[in-house]
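Can you keep this structure in mind? I'll have questions shortly.
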C-alpha cells in the first residue's frame with residue numbers, strides 16, 4: 001500500500017490546497033509544503049529501511065524491492081501494477097525534493113489563485129510519481145498523459161507573457177501538442193506490442209514482465225521501439241523534437257521551470273531505461289549508433305543556441321538540451337558505468353538546472369526582466385545571489401567536485417569502450433558548455449553596473465533554499481556512492497537485458513578497430 | 001609516524017579550504033583586516049604543515065599514501081579521494097604553500113583599501129586548495145579535480161575587477177583556452193582507463209611498460225593527449241594566448257598564477273607521468289620542440305611590450321618553454337629544478353612589480369615610469385636580484401644553476417637544435433630583462449604618477465620581497481629537490497664539456513646584458529626612431545601582438561563561432577517544425593474561403609464535384 005500512498009498523497013494534498021484557498025493564501029502554501037515533505041520523508045524512509053544494494057541474481061527472483069498489484073480491467077489484462085526499485089526510488093525522492101523546492105520558490109512569486117496553482121503543481125508531481133512507479137503499460141500511459149494537463153494550466157495561467165510575441169498560451173499549446181502527439185505514438189506502440197503478444201500467446205496483457213518476452217520480428221521490434229523512442233525523445237528532448245522546451249521554459253513560472261527541467265525531462269530518460277531498452281534490446285542495440293548521433297547533435301545544437309540567447313531562461317533551457325545529449329549517449333552506450341553515470345547526471349542536472357532557474361526567477365523578481373542585455377554588473381548589487389549563480393554555473397559546466405562532473409565523466413568513461421569517437425567528439429561539448437555558462441556570468445553579473453539603486457539581497461528563505469541545493473550538488477559530487485549503490489542493482493539489470501550475450505555478437509558499427 | 005602523516009597531508013589542503021569556507025559564508029560580515037587575517041593565516045598554517053611533512057620525509061624518504069574515502073566505485077572504475085606524497089609532490093607542495101604564503105602575505109599590503117577583500121582571499125585560498133590537490137592526488141581523476149579547480153580560480157581572480165567588461169573577457173578567454181587543453185587531458189584519461197583499467201597513477205606507471213612497447217601508437221596517442229592538457233595549462237604554443245591577458249587580475253594573482261600554481265601544472269603532469277611519456281619518444285620530442293618554439297616566440301614578444309606585467313608574462317611563457325625543453329630531452333629533474341627556482345624569482349619579480357605599481361598609483365606602463373631606483377630601493381633590489389636570476393647571471397643567481405642544468409642535459413642527450421634554441425632564448429632573456437629594468441628604474445621619470453611614487457613600508461610588504469630575493473640567489477639553488485627514485489636519473493657526460501658549456505652560456509647571458517645596457521642606456525633614441533616607422537615599426541607591432549596569434553584565432557575560431565550563434569539564434573530546426581503549424585493554418589484559410597454562405601456557389605460546386613466524380617468513374621479502366 002505504501003506505493004499507492006506515494007501516488008495518492010500529492011493528489012490529496014492538491015485537493016486540500018484548492019479547497020483551503022478560501023481560508024487565506026498562506027494555508028495552501030503550507031499544505032503543499034507539508035505534502036511534499038511527507039512524500040520526501042516517506043521515500044527517505046523507504047531508502048533507509050529498504051534494501052536496494054544487493055544485486056538480484058539475474059532472471060529468477062523478482063527485480064523489485066516492493067510491488068503492489070490489483071486487477072483494473074481484467075478483460076484486457078490491465079492491472080494497477082506498481083513496483084519500486086532503486087532507480088524509481090531515487091527519482092521519486094528527487095521528485096519530492098524538487099516539488100518542495102518548487103513550492104518554496106513560488107512563495108512570493110505566485111499571488112493569484114494560490115490554491116489552484118498548488119493543485120496543479122502537486123498533481124504534476126503525483127502524475128510523475130505514478131510514471132516512476134507504474135509498470136503496467138496502460139497505467140504508465142495513463143500517468144504519462146496525466147502529468148501534461150496540470151502542466152498546461154501552470155504555463156497557461158501563471159506564465160509570463162514574454163518577449164517577441166511569444167505568449168504563455170502559445171507556449172502552453174505548443175507544449176501540449178508536442179507531448180500529446182508523441183504520447184499517441186507511444187499508445188500505438190503499446191497497443192501494437194499487446195496485439196503481438198496476443199497473437200503469440202492468445203492472452204491480452206499490459207504487464208511489463210509478460211510483454212518483455214514477446215517474440216517479435218526484427219522489423220516489428222524496430223517500429224514498436226521507434227514508437228516508444230519518439231515519445232521519450234520529445235520529452236527528453238532530443239534535438240529535432242525539442243521545439244517546445246525553450247518556449248515552455250521561457251513562459252513558465254519559476255516553479256514550472258523547476259519541475260519541467262528537474263523532473264519532467266527525467267521521466268523521458270526513465271522511460272528509455274525502463275521500457276525502450278528492456279522491451280526491445282535487439283532493436284535498441286541496432287538503433288544505438290543513431291541515438292548516440294542524435295545525442296551528439298543535441299549537445300552541440302543546444303550549446304550553440306544557448307550562446308545566442310538573450311533571454312536568461314531560454315539560455316538555461318538550451319543548456320538542458322545540451323546536457324540531455326549526454327544522457328542519451330549514456331543510455332545507448334549501455335555499459336554499467338555509463339548507465340550509472342546517466343542516473344547521476346539526471347540527478348545532478350535536476351539540481352543545477354533547478355538552481356539556475358530559481359536564481360533567474362529571483363533576478364526577475366528584482367529587475368522585472370529576463371533580458372540579459374539589460375542586466376550586467378549585478379555582482380555588487382545583489383548580495384550573495386551572484387555567488388550562488390557562480391556555483392551553479394560551475395556545476396552546469398561540469399566542474400569537478402560537483403555532481404554534474406561525476407555524471408558526465410561516468411557517462412564518458414563508460415561510453416568510451418563502446419564508441420570512442422562519439423566520446424571524443426562530445427568531449428568538445430565540454431568546451432562549449434564552458435562558453436555558454438561563462439557567457440551567462442559575464443552578461444548578467446560582470447561588467448559595469450546598469451543602475452545605482454541597491455537591490456534586495458536574498459532573504460532567509462531564498463538563502464536557505466540555495467544553500468541546501470548547493471550542498472546537495474557538492475555532496476553528490478564528492479560522495480556519490482550512496483546514490484550509486486541504490487541504483488546499482490536496477491542498472492545492472494538493465495545493462496544485462498541490453499547487452500544480452502546472445503545479442504552482443506552483432507558488434508556496433510561505431511566500435512573502433 | 002604514519003598516523004601523523006595521514007593527518008598532516010590532508011591539512012595542507014583542508015586549511016586553505018577552511019579559509020575559503022569561512023570567508024565565503026561570512027556574507028560580508030568580515031572587515032578588511034579580518035578577511036586578510038583569515039586568508040593569510042590559513043596559508044601560514046598550511047605552509048607549517050608542509051614544513052613538518054618535509055621534516056618527516058627527510059627523516060624517512062619514501063612514498064606516503066593516505067586514502068580518505070572511496071570516491072566512486074562502479075565495477076573497475078574505482079577512483080578514490082587518495083593522496084600520495086613522494087619527492088616530486090613534496091617539492092611542488094613546498095613551492096605552492098611556501099611561495100603561496102609569501103604572496104598571500106604581500107597581497108595584504110597590495111590590496112589595502114580595495115573593495116571585496118573577502119572575495120579576493122576566498123578565491124586565493126581556493127586556488128591553493130585546488131593546486132595542492134592537483135599535486136597530491138594519487139589518481140588522475142583527483143588530479144583532474146585540482147586541475148579544473150585551478151582553472152576556475154584563475155578565471156575568478158583574473159576577472160576580479162569585474163566592473164570592467166574587458167577583465168571579464170580576459171578571464172573568459174583564460175578559462176576557455178585552458179579548457180580546450182583540459183578536454184585533451186580528459187580524453188587521454190578515458191583512453192588510459194580503457195587500455196589499462198585503472199586511473200591510479202602509480203598503477204598506470206607500473207602497467208604501461210607491461211602493456212605497451214616503446215613507440216606503440218596507442219601510448220603515443222595517450223601521451224599526446226596529456227601533452228595537449230599540459231600545453232593549455234602551462235601556456236605553451238598553440239594554447240598560450242590566455243596568459244598575457246591574464247594580467248587583468250591584481251598583481252599578487254599574477255604572481256600566484258605564474259610562480260606557485262597553474263602554469264607549473266603542465267610541467268608537473270608530464271614529470272608525474274614520465275613513465276608514459278618515455279614510452280612515447282615522438283611525443284617527447286614534440287614536447288621539446290614546443291618548448292623551443294614557445295621560448296623563442298615569447299622571448300621576441302617580451303622585447304616589444306610596454307606593460308611591466310606583460311613583459312613578465314611573456315618571460316614566464318619563455319621560462320616554462322625551457323622546462324618543456326628539458327622534459328623533451330627526458331631530463332625531468334632538470335625541469336622540476338628550474339620550476340622551483342623559477343617559482344622563487346618569478347614571484348619576486350611579480351611582487352616587486354606589484355610594489356612599483358601600487359607605489360606609482362596603478363601606473364604599469366613602462367613608457368610612463370623610469371628613474372624610480374632612488375625612490376623605490378626595495379623594489380629596485382627585487383628587480384635586480386630577480387632579473388639576474390631570470391637572465392641566469394653566472395654563479396650568483398639561482399636561475400643560472402637550473403638553466404645550466406637544462407642546457408647541459410640537452411647537450412648530453414644530443415638535442416643540438418633544442419640546445420641552440422635554448423642559447424638564443426638565453427640571449428633574448430638577458431636583453432628583455434635589462435630593457436625592463438632600465439625603462440622602469442633608470443633614465444628620466446616620465447609621468448607625475450611616477451614622480452610622486454611612495455615606497456611601500458612595513459613587514460607585510462618587505463618580508464616577502466626579502467625572503468624571495470634571498471631564495472633567488474645561489475642560496476635557492478642549494479635547495480635540492482628530493483627527486484631521486486621518483487624521476488629517471490639524469491644523463492651523465494664528460495665534465496670538461498660541461499665546463500665549456502657553462503662558460504659559453506655565461507658568455508651569452510652577459511653578452512645579452514651588455515648589449516641591452518648599451519642599447520637602452522646609450523642608443524635609446526636611435527632605437528625609438530627605428531621602431532617608429534617602416535620595417536622596424538611593423539616588426540615592433542608584430543612582436544607586440546606576440547606574432548599575431550590572437551588575431552589568427554579570432555579570425556579562425558571566435559568570429560565564425562559568433563556568426564554561427566547569431567545565425568542559429570532563432571532555432572532553425574524549431575522553425576522547420578513550425579512549418580507544420582503554418583501549413584495547417586494555410587489549409588484552414590484556403591478551405592474556409594469556400595464557406596461563402598452563397599447558395600448558388602454551393603449548388604454549382606456540388607454539381608461540378610459530382611460531374612468530376614462521374615467522369616473519373618467512367619474513364620477509369
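Each residue, glycine too, has its Cβ placed from N, Cα and C.
Just so it is clear, the model here is predicted, and its values are computed rather than measured.
Straight from TrEMBL, here's the annotation block:
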DOMAIN    A:134-429  domain 'NADH:quinone oxidoreductase/Mrp antiporter transmembrane'
TRANSMEM  A:27-49  transmembrane segment
TRANSMEM  A:82-102  transmembrane segment
TRANSMEM  A:122-155  transmembrane segment
TRANSMEM  A:175-200  transmembrane segment
TRANSMEM  A:220-239  transmembrane segment
TRANSMEM  A:260-280  transmembrane segment
TRANSMEM  A:286-308  transmembrane segment
TRANSMEM  A:315-335  transmembrane segment
TRANSMEM  A:341-364  transmembrane segment
TRANSMEM  A:385-406  transmembrane segment
TRANSMEM  A:418-441  transmembrane segment
TRANSMEM  A:462-479  transmembrane segment
May I ask whether the transmembrane segment (A:286-308) has at least three C-beta pairs under 8 Å with the transmembrane segment (A:82-102), counting pairs 6 or more apart in sequence?
no
Taking a Cβ cut-off under 8 Å, which residues six or more beyond the ends of the transmembrane segment (A:315-335) line up next to it in the same chain?
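Beyond its ends, the transmembrane segment (A:315-335) has Cβ neighbours at 236-239, 242, 245-246, 248-250, 257, 261, 265, 269, 272-273, 277, 284-285, 287-288, 291-292, 294-303, 305-306, 309, 341-342, 345-346, 349, 353, 356-357, 360, 372, 396, 404, 407-408, 410-412, 414-415, 417-419, 422, 426, 429, 432-433, 436-437, 439-440, 494-495, 498-499.
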Taking a Cβ cut-off under 8 Å, which residues six or more beyond the ends of the transmembrane segment (A:260-280) line up next to it in the same chain?
87-88, 91, 94-95, 98-99, 101, 124-125, 128, 131-132, 135, 137, 140, 144, 147, 151, 193, 208, 211-212, 216, 221-222, 224-225, 228-229, 231-237, 245, 248-249, 252, 316-317, 320, 324, 327, 331, 334, 339, 342, 346, 349-351, 353-354, 357, 494, 497-498
Would the transmembrane segment (A:418-441) count as touching the transmembrane segment (A:286-308), i.e. at least 3 C-beta pairs under 8 angstroms with sequence separation of 6+?
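Touching, yes - the transmembrane segment (A:286-308) and the transmembrane segment (A:418-441) meet the threshold of 3 or more Cβ pairs under 8 Å.
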Quickly jot the same-chain residues contacting the transmembrane segment (A:462-479) by Cβ under 8 Å, restricted to those at least six beyond its ends, or write none.
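Distant Cβ neighbours of the transmembrane segment (A:462-479) are 97, 101, 104-105, 344, 347-348, 351-352, 354-355, 358-359, 362, 384, 388, 391-392, 395, 400-406.
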